[in-house]
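Feature annotations, reproduced from Swiss-Prot:
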| type | residues | note |
| --- | --- | --- |
| TRANSMEM | 1-21 | transmembrane segment |
| TRANSMEM | 56-76 | transmembrane segment |
| TRANSMEM | 165-185 | transmembrane segment |
| SITE | Arg179 | site 'Important for ion transport' |
| BINDING | Asp190, Asp194 | Mg(2+) 1 binding site |
| BINDING | Asn217, Asp220, Asp436 | Mg(2+) 2 binding site |
| SITE | Asp224 | site 'Important for ion transport' |
| TRANSMEM | 231-251 | transmembrane segment |
| SITE | Asp231 | site 'Important for ion transport' |
| TRANSMEM | 262-282 | transmembrane segment |
| TRANSMEM | 293-313 | transmembrane segment |
| TRANSMEM | 330-350 | transmembrane segment |
| TRANSMEM | 393-413 | transmembrane segment |
| TRANSMEM | 414-434 | transmembrane segment |
| SITE | Lys466 | site 'Determinant of potassium independence' |
| TRANSMEM | 467-487 | transmembrane segment |
| TRANSMEM | 519-539 | transmembrane segment |
| TRANSMEM | 588-608 | transmembrane segment |
| BINDING | Asp644, Asp676, Asp680 | Ca(2+) binding site |
| SITE | Asp684 | site 'Important for ion transport' |
| SITE | Lys695 | site 'Important for ion transport' |
Amino acid sequence: MSLWLYLAIGAGLLAVLYGAVQTASLMRASAGNARMQEIAAAIQEGAQAYLKRQYTTISIVGVVVIAALAFFFKSWEQPVGFALGAILSGAAGFAGMLISVRANVRTAQASSESLAKGLSMAFTSGAVTGMLVAGFALLGVAGYYYVLLATGHEATGRVVIDSLVALGFGASLISIFARLGGGIFTKGADVGGDLVGKVEAGIPEDDPRNAATIADNVGDNVGDCAGMAADLFETYAVTTVATMVLAAIFFRGTEAVSAMMLLPLAICAVCIVTSIIGAFFVRLGKSQNIMGALYQGLIVTGVLSIPAVWYVIHQLVPTAVEVDGRSYGADALFYCGLAGLVVTAAIVMITEYYTGTGFRPVKSVAQASVSGHGTNVIQGLAMSLESTALPALTIIVGIVVTYNLAGLFGIAIATTTMLSLAGFIVALDAFGPVTDNAGGIAEMAGLPPEVRVTTDALDAVGNTTKAVTKGYAIGSAGLGALVLFAAYTEDLKFFSENAAPGSFFHGMGAVTFDLSNPYVVVGLLFGGLLPFLFGGLSMTAVGRAAESVVAEVRRQFRDNPGIMTGEVKPEYGKAVDILTKAAIREMIVPSLLPVVSPVALFFVIQAIAGKVDAFAALGAMLMGVIVTGLFVAISMTSGGGAWDNAKKVIEEGFTDKNGVLHKKGGETHKAAVTGDTVGDPYKDTSGPAVNPMIKITNIVALLLLAVLAHGV
């Protein structure tokens with residue numbers, strides 16, 4: 001066993017240890033007065049009840065998949081890999097939720113003391129979630145790779161490759177359910193609560209008289225925290241696995257194959273250490289710039305990662321490796337890793353530009369709100385479409401540069417390096433729901449107005465960090481899916497060239513993705529429609545969930561007038577229960593769409609035109625999903641973020657181009673609320689859920705190849 005494999009496992013354990021130590025420190029902080037603790041307890045109870053029901057539902061699907069893998073592969077390694085990926089992905093999300101629902105009330109209390117203490121508390125809780133995500137993912141992949149080698153399997157053998165792919169499938173399946181189910185819950189509560197509370201009743205956000213308030217705060221945790229944690233766990237694990245699979249295929253038969261397979265694990269290991277160091281640099285300076293404090297930690301992490309990645313690559317690849325006429329040298333691979341870090345920085349800046357309150361896109365949506373509801377929606381849609389251009393161009397440049405440096409393996413190394421910072425990026429994301437909840441608790445507990453000013457300042461930054469991390473997740477998902485597609489084409493080539501007589505692939509010949517083949521066009525079109533259909537199903541699900549919340553909140557206002565006067569407390573649990581049932585019910589069909597579609601397309605085309613065209617159509621489908629999925633996801637998340645922050649700009653006081661001041665409660669604000677209700681499911685449900693949808697489609701295609709190769 002290589003020392004680097006032990007170091008990767010050790011880095012995973014270090015991340016988990018960091019999480020445990022910081023959690024203990026966080027739990028020692030004051031949880032505020034009795035009223036604050038009562039509200040926090042209600043949020044905790046709702047979040048835990050929802051996630052338990054969600055994971056119970058997912059486990060039923062998981063058991064079916066495990067049984068299918070055991071039947072097809074007739075060995076323990078692949079089913080165990082799937083179970084490990086699923087359990088760790090679920091654990092990452094659940095742990096993130098457990099931390100955030102305890103940090104929210106402590107952040108509210110810390111914010112009553114100072115902005116610096118509020119920032120420190122919120123970011124610490126986010127860092128715990130981030131390091132647990134990175135730690136669990138690295139432990140899962142490196143640990144299971146160690147077990148497979150220790151049980152006598154060859155590193156480049158099909159058992160190791162198929163088992164690691166199965167691990168990625170387990171992570172992907174949990175991720176899409178968590179992302180979609182959590183998104184339906186949180187946006188059903190948010191949209192439903194806003195429509196009745198803000199628009200109809202004229203009461204502010206997080207007002208305790210709104211029966212959907214607790215459900216909204218529960219949703220922040222199960223959607224933005226648990227959902228994002230599972231999403232980035234899956235992207236981290238799947239990309240690492242895909243890079244290892246490519247290394248096993250590209251460098252099979254060379255002395256460098258073991259080192260190349262360890263390279264993604266080693267890069268992730270050193271970047272966990274740099275992320276932990278960077279977390280200690282998040283401090284509020286004299287300027288009181290919250291975003292600057294967070295970026296300070298991110299910059300330190302990125303700067304430290306550069307020499308760390310250089311060292312790892314030069315240790316594992318001391319001399320250039322020649323394969324099929326291409327040279328893979330340490331310097332070329334390092335520049336690929338550096339390109340991954342540059343792409344990360346560029347996507348972060350671009351996303352902040354399109355969603356930050358100080359820039360043209362958000363201001364233009366706020367200005368459009370002056371004219372009314374329709375113009376707000378038109379401008380928001382315009383920004384959502386425009387926001388796809390720069391991220392796509394950034395990814396294009398990244399692909400061209402890394403491919404010319406080191407081919408498809410160079411793209412894989414760039415994506416791995418990009419994702420190696422996931423620990424810190426998740427910390428930025430989990431910061432958002434904690435600050436949002438802290439503001440809600442401060443409002444409901446009746447804390448002094450200056451506390452709400454502090455939590456609002458943190459929440460405004462939290463909205464931007466959530467948008468930024470979504471941009472990062474989408475960009476990394478797009479590149480990660482490209483790596484998976486490369487693994488599909490290389491696996492297909494391997495099985496075709498090494499098929500035993502009588503096997504499924506024997507005598508099949510080469511598969512090409514030629515646009516003159518109508519079945520390739522069919523695959524492209526079929527793959528291209530999936531993100532749109534998936535987005536439509538998830539948006540419809542949020543609409544239905546919101547309708548049920550609107551009906552319940554209206555019923556409570558109508559049946560109990562004492563709620564509006566503050567004499568009677570609403571039945572918060574009713575809205576939570578309604579949303580829990582709705583989210584679980586609505587998430588099933590969209591989540592299974594990317595699992596069933598590749599299998600269905602393959603067998604339908606095989607029946608019509610044969611194996612070669614079926615594999616060509618399936619590969620083209622993967623390309624179609626990647627291209628349209630990337631644009632749909634970016635458009636939805638950035639556009640939704642612009643709508644959300646345009647509303648916040650107006651609530652803080654917006655001066656239009658004619659010098660007129662617009663504030664909360666006016667017609668301009670009502671128009672902005674309408675835009676926000678459209679943008680909410682855009683940015684927090686449909687858009688983010690497209691990420692795992694893209695990757696799970698590719699993972700299923702990879703597993704299908706392995707199953708067919710086993711003689712099914």
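Every residue, even glycine, has its Cβ placed from backbone N, Cα and C.
Annotated features, which come from Swiss-Prot, shown on the structure.
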residue : record                                       : Cβ contacts under 8 Å, 6 or more apart
Arg179  : site 'Important for ion transport'           : Gly227, Met228, Ala230, Asp231, Pro688, Ala689, Asn691, Pro692
Asp190  : Mg(2+) 1 binding site                        : Asp216, Gly219, Asp680, Asp684
Asp220  : Mg(2+) 2 binding site                        : Ser100, Thr186, Gly432, Pro433, Asp436, Asn437
Lys466  : site 'Determinant of potassium independence' : Asp224, Met228, Asp429, Gly432, Pro433, Gly641
Asp644  : Ca(2+) binding site                          : Thr355, Asn463, Asp676, Gly679, Asp680, Lys683
Lys695  : site 'Important for ion transport'           : Ser172, Glu234, Thr235, Val238, Ala477, Gly480, Ala481, Leu484
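When each of 293-313, 393-413, 467-487 is scored by its Cβ pairs under 8 Å to the transmembrane segment (231-251), the top-ranked stretch turns out to be 467-487.
Residue environment of Asp224 (site 'Important for ion transport') contains 29 other Cβ atoms, counted within 10 Å of its Cβ in all protein chains. Put simply, Asn217 (Mg(2+) 2 binding site) is 13 Å from Asp194 (Mg(2+) 1 binding site) when counted between their Cα atoms. Each of the binding-site residues Asp436, Asp680 was scored by how many other Cβ atoms lie within 10 Å of its Cβ, and the smallest score goes to Asp680. Tertiary neighbourhood of the transmembrane segment (1-21): same-chain residues 95, 127-129, 131-132, 134-139, 142-143, 145-146, 149-150, 258-259, 262, 265-266, 268-270, 272-273, 276, 312, 315-316, 423, selected by CB-CB distance under 8 Å and a gap of 6+ residues from either end. Using the rule of three or more Cβ pairs under 8 Å, pairs at least 6 apart in sequence, the transmembrane segment (467-487) is in contact with the transmembrane segment (330-350). Under the criterion of 3 or more C-beta pairs below 8 Å, with sequence separation of 6 or more, the transmembrane segment (293-313) and the transmembrane segment (330-350) qualify as touching. Around the Cβ of Asn217 (Mg(2+) 2 binding site), 31 further Cβ atoms fall within 10 Å across all displayed protein chains. Only pairs six or more apart in sequence are counted, and the transmembrane segment (330-350) with the transmembrane segment (393-413) gives three or more Cβ pairs under 8 Å, enough to call it a contact.
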